[in-house]
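Per Swiss-Prot, the features are as follows:
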- 5-25: transmembrane segment (TRANSMEM)
- 68-88: transmembrane segment (TRANSMEM)
- 105-125: transmembrane segment (TRANSMEM)
- 144-164: transmembrane segment (TRANSMEM)
- 177-197: transmembrane segment (TRANSMEM)
- 227-247: transmembrane segment (TRANSMEM)
- 263-283: transmembrane segment (TRANSMEM)
- 302-322: transmembrane segment (TRANSMEM)
Amino acid sequence: MYIAVPAEILGIILPLLLGVAFLVLAERKVMAFVQRRKGPDVVGSFGLLQPLADGLKLILKEPISPSSANFFLFRMAPVATFMLSLVAWAVVPFDYGMVLSDLNIGLLYLFAISSLGVYGIIIAGWSSISKYAFLGALRSAAQMVSYEVSIGLILITVLICVGSCNLSEIVMAQKQIWFGIPLFPVLVMFFISCLAETNRAPFDLPEAEAELVAGYNVEYSSMGFALFFLGEYANMILMSGLCTLFFLGGWLPILDLPIFKKIPGSIWFSIKVLFFLFLYIWVRAAFPRYRYDQLMGLGWKVFLPLSLARVVPVSGLLVTFQWLP
């Protein structure tokens, strides 16, 4: 029996998987440049075939499960994590009208999907029957839940400025000025919260090698490990896309000039996403890992009060000057 997959869905999934593969290569190249070494340059010209070689290596490896693990949950956890990282793209507009489903509650949809992501990690840690995997899963769950609160309050600030949860309308509201300029402190907090939400350095505490070996995926090999890996990098691209949509005008050109308007909006969107992905990699190369208590303190004692305090003056200014949408 064949399952028909619409071309629109394939048009999102295939470029995303290709982007994840070359994002890994770009990360290794940038890390090598920062550390004054060459990086991968053997497989293909300039190492361009290295992602293909890594993918084949993972596919051909034998999937090994711990003898005491819950087999069904152990196998389903990476699948759930990877699928959630894909379905979130259903409401992300790449250009005006270029979106799979232009929901009026797109913002709430994204927040709901990101909240579900923690379940795959918790199930992976619990079903592995390993203390290291379980401790990594608990850390990840606490970290993701903590920073989702700050992300929610930050998005309320954007929501107040626009008056809509539709992502296309949020982008069109930035025709005069990108929200990242008047709300620059909010943009910085949102990006740092995205680092913590995706378990990326310097907040990669769930995968701290010196403490937890490899965190919640320590018992995974072959395609199970590959799906967790793909899910993590797909979430990186998603969060970079959200930073672009909410604060850098999405597909809108940098300047309102005729020459820039000739460039397709999807190209502008991709350029801005690549900028945030470069920041992801640069932060990993430049900053040391936080201690766990510092990470949680930053989320609850700094970002939560600041993001909440930011909602009040923004809404007050909009009401005072009658700028409410």
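Glycine too: its Cβ is placed from the backbone N, Cα and C atoms.
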Where, among 5-25, 177-197, 263-283, do we find the most CB pairs under 8 A to the transmembrane segment (302-322)?
177-197
Surrounding residues of the transmembrane segment (68-88) on its own chain - C-beta under 8 Å, 6+ positions past either end
12-13, 16, 110, 113-114, 116-117, 119-121, 123-124, 126-129, 217, 219-220, 223-225, 227-228, 230-231, 234-235, 238
Chain residues outside the transmembrane segment (105-125) and at least six past its termini with a C-beta under 8 angstroms from it
73-74, 76-78, 80-81, 84-85, 87-88, 90-91, 133-138, 140-141, 144-145, 148, 151-152, 155, 159, 165-167, 170, 197, 206, 216-217, 220, 228, 231, 235, 242
Short question: which residues 6 or more past the ends of the transmembrane segment (227-247) have a Cβ under 8 Å from it?
16-17, 19-20, 23-24, 58, 78-79, 81-82, 84-86, 88-89, 92-93, 110, 117, 120, 124, 155, 158, 167, 170-171, 178-180, 183, 186-187, 190-191, 194, 197-200, 217, 220, 269, 272-277, 280
Could you pull out which residues elsewhere in the chain have a CB under 8 Å from any CB of the transmembrane segment (177-197), counting only those six or more residues past its ends?
114, 143-144, 146-148, 150-151, 154, 157-158, 161, 203, 235, 239-240, 242-243, 246-249, 252, 276, 279-280, 283, 295, 299, 303, 306-307, 310, 314
